[in-house]
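The structure under discussion appears below in the form of structure tokens.
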Amino acid sequence: MPAPTPTSPATVQDMLTIGQVAKRFALSRSTLLYYDEIGLLRPSGRSRTNYRLYSEADLRRMERICRYRSAGLSLEAIAGLLDNAEEDLATVLHDQLAALNREIQQLRDQQRLITQLLQAGDTLALSRVVTKEIWTGLLRAAGLDERGMHRWHAEFERTSPEAHRDFLESLGLEEKEIGTIRAWSRGEWRDGEG
């Protein structure tokens, strides 16, 4: 796609700057710059001072990008959907749904195991062996990233809040940290807390 050229003054009034687009979609400016860099969302124009300007069509494309990102699709998959008429949306979404179902099953299996360990009275032995750092390392080794760990905690908190609390206590965590993790698991955590 060629670089946008300066746009006429009449058209500029109808376009949004990168800051306005970032605010509208609750994204960072750097995210929009990255989308431009990889060709996912290129601005339709430039101001006389070379600022990026986004048209109504760009905003519609951004809405689709945000919707697909919310569904968990990768930027690569989104680019394929937006730029390739042959890319089948239903197939991509079915694949994503299957991946999510596998993740959910893996989280439920892990949750079930932890609950069984807690109910078996192995809490004391577990707390002597496993610290927060060791447990986090085990989850990472099992393939969970930060987002996966959040989903794991969220599912644990949702289905067995008392067992989740017991588990966190078994790791030797302070009461304040337990409260922060549980709030984070319920989606109540805010930056700057904990």
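Backbone N, Cα and C define each Cβ position, glycine as well.
TrEMBL does not curate its annotations; it predicts them automatically.
Looking at the coiled coil (90-120) alone, the prediction's average pLDDT is 88. The coiled coil annotation in TrEMBL covers 90-120.
Residues or ranges marked as domain 'HTH merR-type' by TrEMBL: 15-84. When DSSP labels each residue, the domain 'HTH merR-type' (15-84) comes out as 41 helix, 7 strand, 22 coil, counted as helix, strand and coil in that order.
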The answer for the coiled coil (90-120), taking Cβ pairs under 8 Å and residues 6+ beyond its ends, is 71-73, 77, 80-81, 126, 142, 148, 151-152, 155-156, 159-160, 163, 166-167, 170
